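Enquirer: Quick one: the structure is below, and I'll ask about it shortly.
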Amino acid sequence: MGGPPGKNKRGSSKFSMNRDPFFSNSKRRKKDEDEVIESEEEELDGGMLNGGGESGEEEEEEELEPEETAEEKRQRIAKELVENLRKREKELEDEEDEEGERVFEKEGERDSFVAKKLMQQQLEDSGRLRRAIASRIQKPESVDGFEILVKHRQSVTAICLSDDDSKGFSASKDGTILHWDVDSGKAERYQWPNEEILRSHGSKNPEGRATKHSRNVLALSVSTDGRYLASGGLDRHVHLWDTRTREHIQAFPGHRGPVSCLTFRQGSSELFSGSFDRSIKIWNVEDRAYMNTLFGHQSEVLAIDCLWQERVLAVGRDRSMQLFKVHDESRLIFRSSTSSLECCCFIDNSEFLSGSDDGNIALWGMQKKKPVYIVKNAHALSTDVNNGELKDRGRNYNGHIASSWVSSVGVCRGSDLAASGAGNGSVHLWAIEGAVKGIRPLYDLPLIGFVNSLALAKSGKFLVAGVGQEPRLGRWGHNSAARNGVAIQRLKLL
């Protein structure tokens, strides 16, 4: 018997897919084909319409290529640096070959010379090799004294230089922050944002006597790459600025007292802040994050400094200088037997310089807890003293005349040249000759006013000073003849 249509015996060849409605629906199949074609056209429009199929495949391959890693980037930059040095030496060789002075016989000799130059530069940058600059300084003539480069309305409290010494930054007691060019003196002002923007950037209402309107800036520091400028003051916040746009980008709360000092670790994004609350805090400016707090000082922290290593040098009114080894979570304590230490700076990784309120400048080493050399009464008063008070309205404070305090010290990084400032009417240049020979005086540079901050160019070709009519941290001295601003002294090298 025959079965229903479509059900044939096994092996029957009468069954056909064309007779099945699913396979015989030509309209639906045509629609599906149209949809597929449309999607292919969309892909053509998106990727291959302009350049053809081959260029599209190349773009896809480019997208799949991995991004450059940090190690590859370092290698590329290093190769570019070496090639630039080779080209420079080749140009110098060609010029001197014409004059008959120096000729490299082989290509390997030039490479060896470039390698030595790179090694010397690395040792100087890391502080393991000290350049001899002090002996090359010519005696400044009287007509080549300090000149006011940038003016401020109130006393300048802090200055700093960019890593290439082309730009400078200064701040004053009225909260003004200026960004200026070293050669021309052209200055641009940083604008403080309103309270709403500050709160959105992390600012909080300070506790205690300080108010949210306290704009008195006490400290500045610029990162090695020149991207970030940090400021701190009476509002107990660390403020972060973008140097390219001069805009405020972040406020770090956390200190319970005024922020008195700031420093970036060289070659990194780590920022250290010292405060009157006796603590030092560590921040990461790239991540906009708080990292750690260092304790140890028993009184206000007044100055800090840092080189390439994770070591922070700090001084305070507890008559001590402390070296914090952040990685090891340890510290070394150096004691000053007589007075409060007002300022400090690294000479290299093993030697430091400090100034105190008794007028002394001290040289310290890692091997001893006491100074290895002291220059007593380094900034003697240039005016008459009458019953412990100056005729120019200097005041006796804490047993010492305010005008003779060593309020700032600075070192030309990686060299033997140093400078110190006070309120006695001059800035002193010094030659650092090590623990055996100590500190040798070079020249006195006349400058009226309280020298609250100093910065020496890496090249040693100029010195900038932040000057004011009053000291940085108070009003216990006043000199009405001083001009508030940034003064620059050009130095000539032999």
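Keep in mind that glycine also has a Cβ here, set from the backbone N, Cα and C atoms.
Sharing the record's features from TrEMBL:
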- 34-45: compositional bias 'Acidic residues' (COMPBIAS)
- 55-70: compositional bias 'Acidic residues' (COMPBIAS)
- 101-110: compositional bias 'Basic and acidic residues' (COMPBIAS)
- 1-76: region 'Disordered' (REGION)
- 88-110: region 'Disordered' (REGION)
- 149-190: repeat 'WD' (REPEAT)
- 210-251: repeat 'WD' (REPEAT)
- 252-293: repeat 'WD' (REPEAT)
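On this model, are these features tucked inside or out on the surface, and what's nearby?
Expert: Confidence across the repeat 'WD' (149-190), taken as the mean pLDDT and rounded to a whole number, stands at 94.
Long-range Cβ contacts of the repeat 'WD' (210-251) within its own chain (Cβ-Cβ under 8 Å, at least 6 residues beyond either end) map to 157-164, 167, 169-177, 179, 188-193, 195, 197-198, 201-204, 257-264, 266-269, 271, 273, 275, 281, 283, 285, 288, 472-473.
The repeat 'WD' (252-293): residue composition by secondary structure is 0 helix, 24 strand, 18 coil, according to DSSP.
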Enquirer: Hey, which bits of the same chain come close to the repeat 'WD' (252-293), Cβ under 8 Å, at least six residues off its ends?
Expert: 202-204, 207-208, 210, 218-224, 228, 230-240, 299-308, 310, 312, 314, 316, 324, 326, 473
Enquirer: With a Cβ cut-off under 8 Å, give me the same-chain residues at least six positions beyond the ends of the repeat 'WD' (149-190) that come close to it.
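Expert: The answer is 215-222, 224-226, 229, 231, 233, 241, 243, 246, 248, 450, 452-455, 457-459, 462, 464-472, 483-488.
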